[in-house]
Amino acid sequence: MKVEDGSTLSRADCRAKGGPPGFKMAIVGAAGGIGQPLAMLMKMNPLVSVLHLYDVVNAPGVTADISHMDTGCCGKLQLESALTGIDLVIILAGVLRKPGMTRDDLFNINAGIVRTICEGIAKACPKAIVNLISNPVNFTIPIAAEVFKKGDTCDPKQLLGVTMLDVVRENTFVVILGLDPREVDVPVVGGHAEVDVPVVKPPCSFTKEETEYLTNRIQNGGTEVVEATVGAGSATLSMAYTAVKFAYACLRGLREDAGVVECTFVASEVTELPFFATKVRLGRSGAKEIYQLGPLNEKIRLEKAKTELAASIQKGVSFIKK
Ligand SMILES: NC(=O)c1ccc[n+]([C@@H]2O[C@H](COP(=O)([O-])OP(=O)(O)OC[C@H]3O[C@@H](n4cnc5c(N)ncnc54)[C@H](O)[C@@H]3O)[C@@H](O)[C@H]2O)c1
């Protein structure tokens, strides 16, 4: 397998020679804390035949390193060539909050980065499924959706906000409560982080204390990791693991496997909000079927989450329209 860092290599050269046909994937923000382990894990996935790694720093270094794993991979120096012909794009690009930076500063920088990348997607791979991980997902999804609307080439159901870390944490914390995650169904709905709501589905039920414990731990999961690293890091490995799980579900959807269902933050009519995280059945072009909420045990918390989500969505939309 040849590895290149220019634009002369053809797509055929990037195919894993002799390997089974698979899907073409790009990771944008691939040299960061999540991007590197994610790139390594995706490189091992048999459903991926082409993996483009793009970043504004150190993409050639990560590509060179990953290329010594004996499956196909290309690094791309230009965003457009990294995205051309791609089936699944994972967006991790952004900056983390630094001392002296306000939340608004952070929002404006990351919003601008996501806008640029989505403009590239609308041009180079308008049919690709997009897994958007860059935070704050409750803002960045409406931003990406507005960009796609302007281009008029993408289907809103292709755009999936990755809220699955909340579900992964919930499964973990359910075990801590002494329960078997295979026997409980607790979709995490609403939005991401502070506005997610774990919702217990019948026939399972939790006590008030168990529900309180689960909700608090999931909503503060990110802070728990930052505090454990004494501010030196954030959730990267658990997020890379989650991103792989979610990407694999999307690849299976692309392959049209039956019954691939995950929670994601997506354009939705389940509530009065234009975007909402719920269970979704994945298919060839992203969210194929969006499941209704059904009976809920967490109505009050959900109403509060919706109020906060509405403000986030409005802020994201205004960023593009201003
Ligand atoms: N959705 C979730 O559950 C969840 C969980 C954890 C982290 N995150 C978010 O994921 C993102 C990545 O986190 P990380 O820890 O890997 O951060 P990081 O700072 O280590 O990596 C981000 C990478 O993006 C790159 N980048 C910046 N601008 C770019 C651009 N214009 N084009 C391409 N690449 C660009 C940077 O060079 C860097 O390598 C952050 O926004 C973080 O908040 C989301």
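Numbering starts at 1 and runs along the chain as it is shown here.
Cβ atoms here come from the backbone N, Cα and C positions, even for glycine.
TrEMBL annotations: computationally assigned, not manually curated.
Keep in mind it's a predicted model, so treat the numbers as computed, not measured.
Residues of the domain 'Lactate/malate dehydrogenase N-terminal' (24-161) grouped by DSSP class, helix first, strand second and coil last, total 63 helix, 25 strand, 50 coil. Summarising the annotation, TrEMBL assigns domain 'Lactate/malate dehydrogenase N-terminal' to 24-161.
The local packing around Gly29 (NAD(+) binding site), expressed as other Cβ atoms within 10 Å of its Cβ over all shown chains, amounts to 24. The feature NAD(+) binding site is assigned by TrEMBL to Gly29, Ala30, Ala31, Gly32, Gly33, Ile34, Gly35, Asp55, Asn110, Ile133, Ser134, Asn135, Met239.
Residues near Arg103 (substrate binding site) in space but far in sequence (CB under 8 A, at least 6 apart, same chain), listed by position: Arg97. According to TrEMBL, the substrate binding site annotation covers Arg97, Arg103, Asn135, Arg169.
Across the domain 'Lactate/malate dehydrogenase C-terminal' (163-319), the prediction's mean pLDDT works out to 87. The domain 'Lactate/malate dehydrogenase C-terminal' annotation in TrEMBL covers 163-319.
As annotated by TrEMBL, active site, proton acceptor applies to His192. According to its DSSP assignment, His192 (active site, proton acceptor) is coil. Neighbours of His192 (active site, proton acceptor), defined as other CB atoms within 10 A of its CB across all chains, total 28.
Listed binding-site residues: Ala31, Arg97, Arg103, Asn135, Met239. Those with a CB atom under 6 Å from ligand 1: Ala31, Asn135, Met239.
According to DSSP, Met239 (NAD(+) binding site) is assigned to a helical segment. Candidate binding-site residues: Gly33, Gly35. Fewest other C-beta atoms within 10 angstroms, Gly33. His192 (active site, proton acceptor) has its Cα within 10 Å of the Cα of none of the binding-site residues Ala31, Gly33, Gly35, Ser134, Arg169, Met239. Put simply, Asn135 (substrate binding site) is 14 Å from Gly33 (NAD(+) binding site) when counted between their Cα atoms. Shown are the binding-site residues Asn110, Ser134, Asn135; the one with the most C-beta atoms within 10 angstroms of its own C-beta is Ser134. Long-range C-beta contacts of Arg169 (substrate binding site), restricted to its own chain and to partners at least six residues apart, with a cutoff below 8 Å, comprise Arg217, Ile218, Gly221, Ser238.
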